[in-house]
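To start, the structure itself, in structure tokens.
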Amino acid sequence: MALRRSMGWPGLRPLLLAGLASLLLPGSAAAGLKLMGAPVKMTVSQGQPVKLNCSVEGMEDPDIHWMKDGTVVQNASQVSISISEHSWIGLLSLKSVERSDAGLYWCQVKDGEETKISQSVWLTVEGVPFFTVEPKDLAVPPNAPFQLSCEAVGPPEPVTIYWWRGLTKVGGPAPSPSVLNVTGVTQRTEFSCEARNIKGLATSRPAIVRLQAPPAAPFNTTVTTISSYNASVAWVPGADGLALLHSCTVQVAHAPGEWEALAVVVPVPPFTCLLRNLAPATNYSLRVRCANALGPSPYGDWVPFQTKGLAPARAPQNFHAIRTDSGLILEWEEVIPEDPGEGPLGPYKLSWVQENGTQDELMVEGTRANLTDWDPQKDLILRVCASNAIGDGPWSQPLVVSSHDHAGRQGPPHSRTSWVPVVLGVLTALITAAALALILLRKRRKETRFGQAFDSVMARGEPAVHFRAARSFNRERPERIEATLDSLGISDELKEKLEDVLIPEQQFTLGRMLGKGEFGSVREAQLKQEDGSFVKVAVKMLKADIIASSDIEEFLREAACMKEFDHPHVAKLVGVSLRSRAKGRLPIPMVILPFMKHGDLHAFLLASRIGENPFNLPLQTLVRFMVDIACGMEYLSSRNFIHRDLAARNCMLAEDMTVCVADFGLSRKIYSGDYYRQGCASKLPVKWLALESLADNLYTVHSDVWAFGVTMWEIMTRGQTPYAGIENAEIYNYLIGGNRLKQPPECMEEVYDLMYQCWSADPKQRPSFTCLRMELENILGHLSVLSTSQDPLYINIERAEQPTESGSPEVHCGERSSSEAGDGSGVGAVGGIPSDSRYIFSPGGLSESPGQLEQQPESPLNENQRLLLLQQGLLPHSSC
């Protein structure tokens, strides 16, 4: 099929733009496909009509389809005209072309199983410039410089840009795209850009530049809840002055305008504050102001409030009873308030019980009461407490008036103490202990004579003991596990996610404790696999006293999150199990993870610097740690996961020195958009949070990049604490002031430059994890090239049978100047290694290869030697 110019057909008006294609099908004069003419490129002005045609020969009734950029043309007039029995013309009409009509056109027809297509026509639509970028509205401080951008395209090109400030031209001509630099404005101003080409001009939307200002005063300040020592405050912020509010100050005083007022600065939002350590029963007044980057607002109105008082703190003392002919007189000492906040005392409350029946409490003024409505023939139990408007104080010790007591006065309980119950209790305990000891002794003697008792039976070849199966059961039946999951009270969605990773408790054995935290612990375990072998794993479990279903669900959600991961540098879930407990208590959930021999990266870095046996980590090893973490985070970000808690402490170090990103307790999956906003209070790692997370509780992949920069700093400093000496509450102001973590000693400029890019105030200016991984791999490759150019490092390890005077094997290292040592100083990691062999270690891997080292069976690598080889790159190391 080919396109050619058409001179028109009878009955058709001349075409503004046309092409003709011929297709010779089987049965025509020419067999097969015959192309005529050449491809056509056509240019028309916007709004003009266009007609295209193609001819088909050798087919009686062809079904002609017009295509544009690979898609069937729908919204256009299409006509097929018969010229002869086997010749047809296909017409495509566009009444008024727009820019969207530009593209590559051709026609096609189906001949049996084969589709014939014509040569194509490239249609170009020219018109006035079209804006792809228009200047945007801005809010800026007074006299602060800013930029506006404008971009327009043709065809036809070139496109020239002119800038207008109101009705005044302030820039141009300039080629598109164009940026207007404005030194500053002092009032609301409109800007626009004008794009011109040979077809005409177009004007952009006006961009309104407004002036930022300090915010307006807050209003509707309310004290929402009040207790004796605390008060919660909420307020509505005033107009923000077109700048983000970053903090509010709550000023508290005993009286409005008092000089010694307490000021509490809180980050916002939310616009609430909890005031602590207030005095009970005290009058206070408070007011609030908020601040943005241009300064604070005026204070709002003073709001008075009073904290609640305290209930009495002491129980009445010397509570006693006196029998009389008319009744029972009760007396006690007056309760004197210990704290001024307790307030004035009200009546005393008298409680009395007779024959297991509790009577109504009596309200008594003063410290004396006469009880007449009681039965002297029955035992009586009495208590008394002080009360005030806030509540009741503690009750006194119970006073028992016996029906057999005919004394004229019932004194305080301590004056009638009886030693009989005490003596009986001690005797009972001694007798019980003696009986238990006797039983255990007799049982032990029977066990030691077990062999003698069954000698005759064993000699006859008969079994000494016969067993009968009481019942049969299956330990791994899913019904039991399902019932246990149901008892946890977790959501059906979470339960469904965990069903295929549940492991029966009987399939693994818990071992030693690896670590313990505030909410749980991690223990070593042996997991039995399907082939009967055992593999070492780590088991993470909640504390036994955490019984809330919400805590259990949050714990198991981390496991469900890890289930989706499959990457060498992201911790992978092995399974989930439930530890049964007696007496109907909730089972303890356990998350089973791969065993990481070297623990978390932060602890490993600390041990290399300040451990009992410090060792040096070469720069290549530190950069390799960063590459591994970047690989893992690149994988997570590609799956729309944000970690929210990336730090060295949450990265695990495997036996082969590869790093895995772990601890997904705070991670979230993003289902729409590219951000997650924290909606409830959680414990968050402030010193690893990005600016937008601190200010707006906003978390994206860009905030994870910020945390990765802090993690890089941790690695380069070998586990130091970031922002040492700066409190968490001061971090935001420290960062918003432009401050960042300083370059660590011995840190390469290229590495610190990457860190600094991660801490850009604009999240979109931070590099992606893919970019970070590639840059770090380049740095690592450069370090490897440098290290291979250095001399090999020789380490002579004496035989273990020849200890030094200190009693430990001696290590001799070949002497080199500091300029030659380079990063090969990592030999400190093998100080004091007992061995009877001689090894040559090369930081660059130029001496012996790993295979050569492994060919010495008489001198296997011990743990410290293996660690050094991994650091120097002489053993395999997984990569992403």
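Glycine is treated like the rest: Cβ placed from N, Cα and C.
Swiss-Prot lists D645 with the feature active site, proton acceptor, giving sequence analysis as the kind of evidence. In three-state terms derived from DSSP, D645 (active site, proton acceptor) belongs to neither a helical nor a strand segment and is classed as coil.
Marked as domain 'Ig-like C2-type 2' by Swiss-Prot: 129-209.
Among the features that Swiss-Prot reports, domain 'Fibronectin type-III 1' is placed at 217-310.
The domain 'Protein kinase' annotation in Swiss-Prot covers 508-785.
What Swiss-Prot lists as phosphoserine is S456 (among others).
For Y671 (among others), the entry in Swiss-Prot reads phosphotyrosine.
Per Swiss-Prot, phosphotyrosine is recorded for Y675 (among others), and the stated evidence type is similarity to another entry.
According to Swiss-Prot, the phosphotyrosine annotation covers Y676 (among others), on the basis of similarity to another entry.
Residues annotated as phosphotyrosine in Swiss-Prot: Y794 (among others).
Sequence annotations record features per position, and here Swiss-Prot assigns phosphoserine to S808 (among others) based on similarity to another entry.
The annotation phosphoserine is assigned in Swiss-Prot to S859 (among others).
Sequence annotations record features per position, and here Swiss-Prot assigns region 'Disordered' to 800-864.
Residues annotated as signal peptide in Swiss-Prot: 1-30.
The topological domain 'Cytoplasmic' annotation in Swiss-Prot covers 441-880 and is backed by sequence analysis.
For 420-440, the entry in Swiss-Prot reads transmembrane segment.
Along the domain 'Protein kinase' (508-785), the predicted structure has mean pLDDT 86. In terms of DSSP helix, strand and coil, the domain 'Fibronectin type-III 1' (217-310) has 0 helix, 47 strand, 47 coil.
Secondary structure of the domain 'Ig-like C2-type 2' (129-209) per DSSP (helix as H, G, I; strand as E, B; remaining residues coil): 0 helix, 50 strand, 31 coil.
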